[in-house]
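Undergrad: When I checked TrEMBL for this same protein, it listed these features:
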type	residues	note
BINDING	135, 220, 221, 222, 223, 279	pyridoxal 5'-phosphate binding site
BINDING	138, 278	N(2)-acetyl-L-ornithine binding site
MOD_RES	249	N6-(pyridoxal phosphate)lysine
Ligand SMILES: *Cc1c(COP(=O)(O)O)cnc(C)c1O
């Protein structure tokens, strides 16, 4: 254990099981530790670093903004917030944006927006239907709609009025609907739950159910959004549109920022001045990260690149599955994929680390691949070669 690990272990609340390396800098899709060892990054800091590391255009814009202004509060307009919101409107196809600082905070806002909508309409609705194996964050509202005991149990009682349906089982959702149901929240592609992709039938069925029953549909795009599936946002591949959506992780390419967005129809009856706020939300630094990230995405047509790399990754993983008995399934799409394996996840991620590959688990038995979106075929080949060796 070196000095950095020792310092961290002595001062930090022990809430993370950390790998025994100290990362120091990054370049493209590679990270370097304090010993100078190079790692191919197929984790992207939990699907965050979409543009990889040391992107010159992004960093130049961030540095310039730091010298101008980092924070003003929402009492005043700033020169960047509107531009970032316009960029998010364009790529989300939503009408109104609220900036937050994280995914969990975006989920909180989305839930509050849905409750306020019901309140103002006077419907008396307040219940949420969420999915088993979902993950929506660590704050109370977010934990309350997270469908996994490990995240919930020590913190009860949680927000009341939440029930959990089986993912990709429309009948199990229908069975939970009451005249008090306010919103249905789901990830179009579950991340933490083990890389589970919603079927078209499920997404369309939920949209129809919501329309019929007067329920709002909330898509949590914190992990699967921002180009990761080859669509700008995952729901856009299903030919439906949610009423409210959340985003965070990749939208600032590494600078902490999130947002939730809604249609004008919802906005009209939802949060008003005094209802909701956040001190840092919409600050010029985070907004520079968002508007610059979107600009680079559009200029480089990154979604098309993700589609191409995603198809290549699937092909290589399927071929690997033929060779390794311990791989049971290839899951997900785009650059959010995983393999279900019979070997213990911890052993595999540690073996990968030794070989200079960063990968993370998802759920109980899925090895997850969420690299920076700028990877090329040679990086996929390099990753597959390591997997072949260790599996
Ligand atoms: C990571 C994640 C969150 C929580 O985001 P934080 O920034 O950690 O609060 C919420 N929803 C989904 C789908 C996530 O993957």
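Along the chain as shown, residues are numbered 1 onward.
Cβ from N, Cα, C; glycine included.
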Undergrad: Would you count the other C-beta atoms found within 10 angstroms of the C-beta of residue 135 (pyridoxal 5'-phosphate binding site) for me?
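TA: Counting Cβ neighbours of residue 135 (pyridoxal 5'-phosphate binding site) within 10 Å gives 26.
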Undergrad: Ligand 1 is in the model; which of the binding-site residues 221, 222, 278 have a C-beta less than 6 angstroms from one of its atoms?
TA: 222
Undergrad: Using DSSP and collapsing to three states, where does residue 222 (pyridoxal 5'-phosphate binding site) fall: helix, strand or coil?
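TA: The residue in question, residue 222 (pyridoxal 5'-phosphate binding site), is coil (DSSP, three-state).
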Undergrad: Please report how many Å separate the Cα atom of the residue listed as 'N6-(pyridoxal phosphate)lysine' from that of residue 278 (N(2)-acetyl-L-ornithine binding site), as a whole number.
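TA: Cα of the residue listed as 'N6-(pyridoxal phosphate)lysine' to Cα of residue 278 (N(2)-acetyl-L-ornithine binding site) measures 18 Å after rounding.
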Undergrad: Mind computing the max CA-CA distance among 135, 220, 221, 222, 223, 279, which the record assigns to pyridoxal 5'-phosphate binding, rounded to whole Å?
TA: 25
Undergrad: Would you say which of the recorded positions 138, 249 has the most Cβ atoms within 10 Å of its own Cβ?
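TA: Of the recorded positions 138, 249, the highest Cβ count within 10 Å belongs to 249.
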Undergrad: For residue 220 (pyridoxal 5'-phosphate binding site) and residue 138 (N(2)-acetyl-L-ornithine binding site), what Cα-Cα distance in Å is obtained after rounding to a whole number?
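TA: Pair distance, Cα basis, whole Å: 14 Å.
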Undergrad: With H, G and I counted as helix, E and B as strand and the rest as coil, say where DSSP puts the residue listed as 'N6-(pyridoxal phosphate)lysine'.
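TA: For the residue listed as 'N6-(pyridoxal phosphate)lysine' - judged by DSSP and reduced to three states - the answer is helix.
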Undergrad: Going by Cα-Cα distance, pick out whichever of the binding-site residues 135, 222, 223 is nearest to residue 278 (N(2)-acetyl-L-ornithine binding site).
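TA: When the Cα distances are compared, 222 comes out closest.
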Undergrad: Let me know the most crowded of the binding-site residues, choosing from 223, 279 and counting other Cβ atoms within 10 Å.
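TA: Output for this query is 223.
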Undergrad: According to DSSP, which of helix, strand or coil covers residue 135 (pyridoxal 5'-phosphate binding site)?
TA: coil
Undergrad: How far is it from residue 222 (pyridoxal 5'-phosphate binding site) to residue 138 (N(2)-acetyl-L-ornithine binding site), counting Cα to Cα, in Å?
TA: 13
